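Down below is the structure, laid out as structure tokens.
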Amino acid sequence: MTIQQTELQELPLDLKRELLPKHVAVIMDGNGRWAKRQGLPRIMGHKRGVDALKDLLRCCRDWGIQALTAYAFSTENWKRPQEEVEFLMTLFQRVLRQELREMVEENVQIQFVGNLAALPRSLQAEISRSMEATKNNRGIRFSVATNYGGRQEILQACRAIAQKVQQGLLQPDEIDEEVFERHLYTAGIADPDLLIRTSGEMRLSNFLLWQMAYGEIYITDTLWPDFDRTEFHRALCAYQQRERRFGKV
């Protein structure tokens, strides 16, 4: 039986609240292919993708999921056509400005993770403003990976730790997973329980390489702009049927 979108404002009855993932991460893939299929410019796929993300964020809030992390812009995305990159930077800035008031009212705490210093200054300013305005919110935690690369994240953490050892602030035998995680972009954010990737591609694409050590992965052929609450419901049903062993028998 297919559950309709209109029936999904509250947690579906076939999902057990105690088995929901606390933290969901998404690789939002397929905006360009969606636009091409519709006979539209690629930028229209990105615009439609923003709408899909906004609804997923509200769905997570409505259904009681505590955290959502979205892969918005990777370090490799700078290689895309300049016109597309410039559009994305402008789009991020405009969406932040337009949605901030609503995020505050809906008790969303927003955080950006990645090498933010390389972003346009105007976008950095909007990011800082949104994080400051929502820092005391205690509803859903929404992390946006922007200019993010998993390998780069690990490298910068290693450099930061090595510098502290060199300065005598940290001893080599004090370095453990907890210390390492404090130096990641995602410091203070719990690891994802579930990673969803749209468009059918079966790879991590340099996303949350450390954090996904024991996370469950769900792949759907649905392109990101078409990912809705019905698709999310399918992903959560699949997740709840799995047995998480964390390396144990």
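All residue numbers here begin at 1 and follow the chain in the order shown.
In case you wondered, yes, glycine gets a Cβ from its N, Cα and C as well.
Residues or ranges marked as active site in Swiss-Prot: ASP29. Annotation source Swiss-Prot lists active site, proton acceptor at ASN77. Residues or ranges marked as Mg(2+) binding site in Swiss-Prot: ASP29, GLU216. Residues annotated as substrate binding site in Swiss-Prot, with sequence analysis given as evidence: 30-34, ARG42, HIS46, 74-76, TRP78, ARG80, ARG197, 203-205.
Structural mapping of features recorded in Swiss-Prot.
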{"residue": "ASP29", "record": "active site", "DSSP class": "coil"}
{"residue": "TRP34", "record": "substrate binding site", "DSSP class": "helix"}
{"residue": "HIS46", "record": "substrate binding site", "DSSP class": "helix"}
{"residue": "THR75", "record": "substrate binding site", "DSSP class": "helix"}
{"residue": "ARG197", "record": "substrate binding site", "DSSP class": "strand"}
{"residue": "LEU204", "record": "substrate binding site", "DSSP class": "coil"}
{"residue": "GLU216", "record": "Mg(2+) binding site", "DSSP class": "strand"}
Among all the protein chains here, how many other CB atoms are within 10 A of the CB of ASN77 (active site, proton acceptor)? 16
I'd like to know which of the binding-site residues TRP34, TRP78 has the most other Cβ atoms within 10 Å of its Cβ. TRP34
Same chain, |i - j| six or more, Cβ under 8 Å of GLU216 (Mg(2+) binding site); the result in sequence order is PRO21, ASP193, LEU194, LEU195, TYR239, ARG242, ARG244
Greatest C-beta neighbour count within 10 angstroms, which of the binding-site residues GLY30, GLY32: GLY30
Between TRP34 (substrate binding site) and ASN77 (active site, proton acceptor), what C-alpha distance do you get in Å? 18
Cβ-Cβ under 8 Å from the residue listed as 'active site', same chain, 6 or more residues apart: which ones? ARG197, THR198, SER199, GLU201, SER205, LEU223, TRP224
